């Protein structure tokens, strides 16, 4: 094993904990930036080009018939060869994950390469599921099994927000482990079926999964309810006859206690587990090699790389599998230095080039860090942010130069603002005020002048009123401007009174003509 420090020359702010890497025929692509896709790369997928320990991110493009793919973090991904579409031999399956709004996705996407000219062109399609559709989640796994000439996706584990019926103001944003159900997903017809296996008692999150032929092995993971990382080792077999599939689970000895580890494949039957955590405040520095032969699994320790002092003393680390036996790692920088990078990056090569054969099995492990909202502060703390400094793409690139000044600063705009003199919404103490709120306080847009945002709570709006205003498209105004707005309203149009004919101005029966002064008075009266 060889460890090498690398530098990211441009757009380091895109690389955040929770990202995924996809390897298409030796080319590595980055997916899962934190925030909406940048202006210079609307797809949110970047080519990770490595050259002499130097990494450069280059934007990629999607075909016109592709659907929109949000930059999901902590999704479940796996490679899929032998698609139902014969022209697409190599695909990636993406399910779940967190959106930039910190919401959870329940969608499933299929990514494939349609062109490899000067730039790689992807096609992304969304698969609609019917049947027992898995709930939105993150930190889970998805794999593909092959049996009797057919293939099927297998989804397990993860975390999700607590049901609304169990939420309280204090625990509004709390998450819980998903039920320990195993889902079979037919990618061709979009059918999902749920199976309850008695051997699986916990919906483990951030576990490691390995698939080979018709078998999946589940290792480790983190149980949120008990806050432990049990030394689990499960074997799930899926038989796909002409009728209904058969799914069974066996508990095997010899498991390991680890969560958020990275799995990479070094040859047809061997894998390496790198990173992760063995305790809530302790990284797992041991590496393991896993051998799969004749439906048997063997896990043993292997010689660890020469970890640098920075890696040894860092509280968190994160990364993903680059394919071909290589792992991409990141650790927070040393803030004590005068000039310090937000994160340092390494590549760990677990096998020599001549040892890596064409992979016939497909691996999956969750991103190498657990979410800070529901784990310990030592695992993927989003308090660690990348610096705002970023260089542009190549000058000869077809795309616009990226400038981070074009992006919104969430610390000064959006929800976390002082909206009025009496505003008492604090990012550090805010709790949901309305049942419709999840991660951020509700906002009302005041239409006065150039417009501005005001917290609905500061306007003292009833929830029914808030929902009514949000559903309509009418203009409305904050408490400070509502009186001014009333004065700006255009008065309702009043139809003029019908003027009587001039002859009606003569007094009946008198025979006398009204004087000009009386005529003028009557006209003003009727007008």
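Cβ coordinates come from backbone N, Cα and C, glycine included.
Where the annotation comes from TrEMBL, it is an automatic prediction and has not been curated.
Copied over from TrEMBL, here are the features:
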type	residues	note
BINDING	419, 423, 455, 458	Zn(2+) 1 binding site
BINDING	446, 452, 478, 481	Zn(2+) 2 binding site
COMPBIAS	360-370	compositional bias 'Polar residues'
DOMAIN	414-491	domain 'Recombination activating protein 2 PHD'
REGION	360-379	region 'Disordered'
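In this structure the alpha carbons, written CA, of residue 419 (Zn(2+) 1 binding site) and residue 478 (Zn(2+) 2 binding site) are 10 Å apart. Summary of the Zn(2+) 2 site environment: with the site residues 446, 452, 478, 481 set aside, the chain residues having Cβ atoms within 8 Å of the Cβ mean position are 444, 445, 447, 448, 449, 451, 454, 477, 480. Each residue in 417, 418, 420, 422, 424, 425, 454, 457, 459 lies on the same chain as 419, 423, 455, 458 and has a C-beta within 8 Å of the C-beta centroid of that Zn(2+) 1 site, without being one of the site residues. Residue 446 (Zn(2+) 2 binding site): 23 other CB atoms within 10 A of its CB, across all protein chains.
A distance of 13 Å separates the Cα atom of residue 458 (Zn(2+) 1 binding site) from that of residue 446 (Zn(2+) 2 binding site).
Cβ neighbour count for residue 458 (Zn(2+) 1 binding site): 21 (other Cβ atoms within 10 Å of its Cβ, all protein chains included). Summary for the binding-site residues 423, 478: the Cβ-based neighbour count within 10 Å is maximal at 478. Mean pLDDT for the domain 'Recombination activating protein 2 PHD' (414-491) in the predicted structure: 76. Within 10 Å of the C-beta atom of residue 452 (Zn(2+) 2 binding site) sit 16 other C-beta atoms, taking all shown protein chains into account. In this structure the alpha carbons, written CA, of residue 455 (Zn(2+) 1 binding site) and residue 478 (Zn(2+) 2 binding site) are 9 Å apart. Taking the Cβ of residue 481 (Zn(2+) 2 binding site) as reference, residues of its chain lying under 8 Å away and at least six apart in sequence are, in sequence order, 446, 448, 449.
Distance between Cα atoms for residue 423 (Zn(2+) 1 binding site) and residue 478 (Zn(2+) 2 binding site): 12 Å, as a whole number.
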